[in-house]
């Protein structure tokens, strides 16, 4: 760290953002749009908003985060809607709480468009530089940054969004080199600065699979994975939607030969060879981790996904590895359809420094240094969507800090974004954190479809939602409210022609009459059915129809979830048996069983605060304890 009295500043800004990945871009755009003079510093101006791993946005829980960032006025959802190669709704056969939109994106187009956006944003300057030091004022508040080559910039707030670049080292087998990503040098000096300031730092690991030439692949041996015929959107702003031709993805599977090659060469991987001890992401394991952890699985799904419309590279999803390069090609060629593949880039593992986010307030400002914020992978998360969500939170609060306004804490009951930040700042997490729907006890309330209803009023209050977006939002909510009133008030009689048709086609009688709302509550009956019988409202958009239907159809479930939340709160002081073997509680997630058995919490409240133990696990544990107690009272053998 450098003290203020020994520094000559080249220029002055309100906010400086260090790192121009998905977190840094959201943070910088937010502060600039809120009127702060902002400087965005990056190691490479040509890699702004780069997608170094899977070029995709969305998926379970991640799509909810993307919708929420958009609802606040952020950019990631718009980018995915403009640059997608394919879109699919995952979990569509289940309830709307777990519906997940996923877009395969064109990585070069995505980066080029985001670069153009940040380059042309008012109040935002971008520059290539490596930040190595923070400049502190007389009261240990941040007042600037210093670069590797000795240039200093003054500011009132700094947002660190350094990704995997702090002390980054990439591994292929037992070979390593300093790098944040393949071909890009690591950031030096900043970790040491943070350590000198008293911050705890740790090491984490992630990895990315090889890329192969699409012209060397035989798709006829793979299963086609087309996009959805009906395209859905991340952004609530129809003006940014771009209808475009979709490209197919494909699926293949590992073979006994794949597994043999990996098992016989495990000792050559960075982790199993003992050269890397950093924890990797539990929910995105390397292929060697899968073979070791799931011994009884004969085969694993591998998805073959295009990286762009006009480039030959294919991303081999589910096949990340740190094994030696010469072995990687043998492994790839053991997959059906890839027998003659040409490898364009090898897979590699990367380890990097991170700051456990318990050192931050829920505003994402650090507790030790006023004006210093951290967001994204440096906080121990994994994923572009998690990074973008933290970026907009840090950007909003840095702007408010600069203006001496009260900073905003996003409550976990209002958003996945709030759940994410709350988990990071309160739980001692020692492995990369990925957002999951099970991490939220409010997931029925926190759906993709109502992210605007939950967060756009706040985005408007903050200053990120303009008049046009606000008018669109208020009209949509008025339409949904009015339609719900109509559905509750309008009745169909059993002797009407339409009533007879509905009873006949659904094999469910109508006794006397029924409201349209009660029809929608019937299993298998949807708004499209109302349209079919001429009972729908043709003036509504698909999103408005869906919003009204979900609110009505799931009203009972929403009330039940609220009751469960209140029950967990009441049970916080409930004692847990000291002899309880959590490995035998099958209704707990595997991660929860591991963590609970290790910590042996004394109460339900303590169990709920353990990293990796989700609200769904706590609910399952309460049910298990009730069953255990019930059996004990009946004099039956106690459950194990």
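Backbone N, Cα and C define each Cβ position, glycine as well.
Features of the protein shown, as given by Swiss-Prot:
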| type | residues | note |
| --- | --- | --- |
| BINDING | 19, 20, 21, 22, 23, 24 | FAD binding site |
| BINDING | 280-294 | NAD(+) binding site |
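What surrounds the FAD site, by Cβ distance within 8 Å of the Cβ centroid and not counting 19, 20, 21, 22, 23, 24, is the set 17, 25, 26, 27, 42, 49, 161, 163, 376, 387, 391 from the same chain. Taking Cβ-Cβ distances under 8 Å and a sequence gap of 6 or more within the same chain, the neighbours of residue 280 (NAD(+) binding site) are 204, 205, 206, 207, 271, 286, 289, 349, 431, 432. The two recorded residues, residue 282 (NAD(+) binding site) and residue 20 (FAD binding site), show a Cα separation of 26 Å. Around residue 24 (FAD binding site), the C-beta neighbours below 8 angstroms that are at least 6 residues distant in the chain are 17, 18, 40, 42, 159, 161, 375, 376, 391. Shown in sequence order, 41, 42, 160, 161, 162, 163, 165, 376, 378 are the residues of the chain, 6+ apart in sequence, with a C-beta less than 8 angstroms from the C-beta of residue 19 (FAD binding site). Each of the binding-site residues 23, 286 was scored by the other Cβ atoms within 10 Å of its Cβ; the lowest score goes to 286. Neighbours of residue 292 (NAD(+) binding site), defined as other CB atoms within 10 A of its CB across all chains, total 16.
On a Cα basis, residue 21 (FAD binding site) lies 28 Å away from residue 288 (NAD(+) binding site).
For residue 22 (FAD binding site), the count of additional Cβ atoms within 10 Å of its Cβ stands at 33 [all protein chains shown]. Sequence-distant neighbours of residue 290 (NAD(+) binding site) (same chain, 6+ residues apart, CB-CB distance under 8 A): 297, 300, 318.
A 10 Å cutoff on Cβ-Cβ distances gives residue 20 (FAD binding site) a total of 29 other Cβ atoms nearby, all chains included. The number of other CB atoms found within 10 A of the CB of residue 288 (NAD(+) binding site), across every protein chain shown, is 23. It is 20 Å from the Cα atom of residue 23 (FAD binding site) to that of residue 284 (NAD(+) binding site). For residue 282 (NAD(+) binding site), other Cβ atoms within 10 Å of its Cβ number 17.
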